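Next up is a structure, given as structure tokens.
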Amino acid sequence: MEKTHYYAKAFSQYKLLFVTFCIASLPPFSSSSSSSLSFDFYAGSCPSAEMMVKNTVRSAADMDPTIPGKLLRLFFHDCFIEVIIYIYIHIYIVLFSYSQHFCLGCDASVLLQGNGTERSDPANRSLGGFSVIDSAKRVLEIFCPGTVSCADILALAARDAVEYTGGPNIQIPTGRKDGRTSMAANVRPNIIDTSFTLDQMAKIFSDKGLSMDDLVTLSGAHTIGAAHCNSFNDRFKLDSNGNLTLIDSSLDRQYAAQLTKMCPATANDDSVTVNNDPGTPLVFDNQYYKILLDHKGLFQSDSALLNDERTKNRVLQFSNDQDSFFESWSVSFLKLSSIEVKTDDQGEIRQSCSISNR
């Protein structure tokens with residue numbers, strides 16, 4: 001019994017060390033290491049890779065101005081989802097086996113199709129932008145077959161979506177490999193729900209090595225894009241006489257009245273969407289933080305940033321200084337795009353982004 005207790009305690013310590021490693025060991029950006037991301041990763045193998053992705057994003061966004069917001073959201077949902085790693089501990093005899101959801105990663109697992117994949121989960125069914133990634137992949141496979149990963153394409157496309165809509169031009173390292181695993185069960189515990197409190201959001205961000213400042217900054221992605229009515233219509237209600245009742249008192253009453261007209265109670269059509277930013281919905285700017293000050297944040301999770309002293313000052317700063325927001329965005333996006341990426345033999349280069357090579 002004492003020996004079993006000893007091994008269990010040792011395993012517990014091992015698990016803690018493993019989790020710490022997975023969360024904290026972001027790969028360095030040194031171009032001298034073939035096992036890490038680098039800013040010139042494709043310089044020799046596919047010099048025009050980034051330009052091909054950028055041109056694909058531009059062409060798609062020219063035809064459909066909602067594409068940039070969809071690409072940015074798609075990238076968030078990819079990076080925030082866990083990958084299952086199975087650990088088997090053998091000590092003389094197999095005392096036990098253990099599995100846990102440890103490592104996270106921007107590994108294009110959200111792009112994989114099939115029953116039980118992340119993409120099939122109801123929380124991800126409203127995601128868009130897949131066709132843009134597929135288009136970029138087809139072009140790259142013609143000129144640089146088997147070279148550029150879907151994970152890199154998605155990261156670059158999200159980066160380019162921000163620049164296309166007026167945001168900062170950011171340099172991000174490449175060299176990611178594509179994950180082979182995608183499970184719907186990993187989606188719900190890892191994505192931000194629009195009704196979350198600040199503490200709930202901060203916990204998920206912290207689990208991914210992101211700070212409270214990253215939370216405020218990356219929430220600025222809501223300056224572009226749109227949302228379905230069911231993601232915010234629980235903040236208010238209309239009675240049978242058409243009288244408005246605010247369930248969330250942090251929401252501006254007049255804005256809530258406008259939302260009830262855009263999202264009537266009888267509308268169950270998923271095609272009905274509302275712009276996150278009612279002022280400049282197609283421009284990546286600091287307008288998002290200004291509407292928070294007017295209590296017109298679309299989601300309850302948006303309003304939480306203004307209602308908490310831990311984040312309020314940053315909201316005020318970004319609302320008054322777009323350059324400050326852009327500078328912080330560049331730093332936080334780089335951190336987001338580097339969450340536990342896979343390199344070398346940790347993943348693969350998919351031939352098609354929706355199907356694993358296996």
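Yeah, the Cβs are placed from backbone N, Cα and C, and that goes for glycine too.
Dumping what TrEMBL says about this protein:
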{"type": "DOMAIN", "residues": "36-357", "note": "domain 'Plant heme peroxidase family profile'"}
{"type": "DISULFID", "residues": "Cys46-Cys144", "note": "disulfide bond"}
{"type": "ACT_SITE", "residues": "His77", "note": "active site, proton acceptor"}
{"type": "DISULFID", "residues": "Cys79-Cys106", "note": "disulfide bond"}
{"type": "DISULFID", "residues": "Cys150-Cys353", "note": "disulfide bond"}
{"type": "BINDING", "residues": "His222", "note": "heme b binding site"}
{"type": "BINDING", "residues": "Thr223, Asp277, Thr280, Asp285", "note": "Ca(2+) 2 binding site"}
{"type": "DISULFID", "residues": "Cys229-Cys263", "note": "disulfide bond"}
Determine, for the Ca(2+) 2 site, the additional residues of the same chain whose CB lies within 8 Å of the mean position of the CB atoms of Thr223, Asp277, Thr280, Asp285; present them in sequence order.
Ile224, Gly279, Pro281, Val283, Phe284, Asn286, Gln287, Tyr288
Suppose we draw a 10 Å sphere around the Cβ of Asp285 (Ca(2+) 2 binding site). How many other Cβ atoms does it contain, all chains included?
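Result for Asp285 (Ca(2+) 2 binding site): 19 other Cβ atoms within 10 Å.
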Among the binding-site residues Thr223, Thr280, whose Cβ has the fewest other Cβ atoms within 10 Å?
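Minimum Cβ neighbour count within 10 Å, taken over the binding-site residues Thr223, Thr280, occurs at Thr280.
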Of all the disulfide-bonded residues given, Cys150, Cys263, Cys353, which has the fewest Cβ neighbours within 10 Å once its own Cβ is left out?
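It is Cys263 that, of the disulfide-bonded residues Cys150, Cys263, Cys353, has the fewest other Cβ atoms within 10 Å.
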Can you check which residue among the disulfide-bonded residues Cys106, Cys144 has the largest number of Cβ atoms within 10 Å of its own?
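Selected residue: Cys106.
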Consider the binding-site residues His222, Thr223, Asp277, Thr280, Asp285 and say which one has the Cα lying nearest the Cα of Cys79 (disulfide bond).
His222
I want to check the contact list for Asp277 (Ca(2+) 2 binding site): same chain, sequence separation of six or more, C-beta distance under 8 angstroms. What comes out?
His222, Thr223, Ile224, Gln287, Tyr288, Ile291
If you count other Cβ atoms within 10 Å of each one's Cβ, which of the disulfide-bonded residues Cys46, Cys79, Cys229 has the most?
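It comes out as Cys79.
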Which ones in the same chain are close to the residue listed as 'active site, proton acceptor', with CB under 8 Å and 6+ residues apart in sequence?
Val110, Glu118, Asn124, Leu127, Val187, Ile191
Compute the C-alpha separation of Thr280 (Ca(2+) 2 binding site) from Cys229 (disulfide bond), stating it in Å without decimals.
19
Quick check for the class: what is the C-alpha distance, in angstrom and rounded, between Cys263 (disulfide bond) and Cys144 (disulfide bond)?
46
Pop the mean pLDDT for the domain 'Plant heme peroxidase family profile' (36-357) in here, whole number is fine.
91
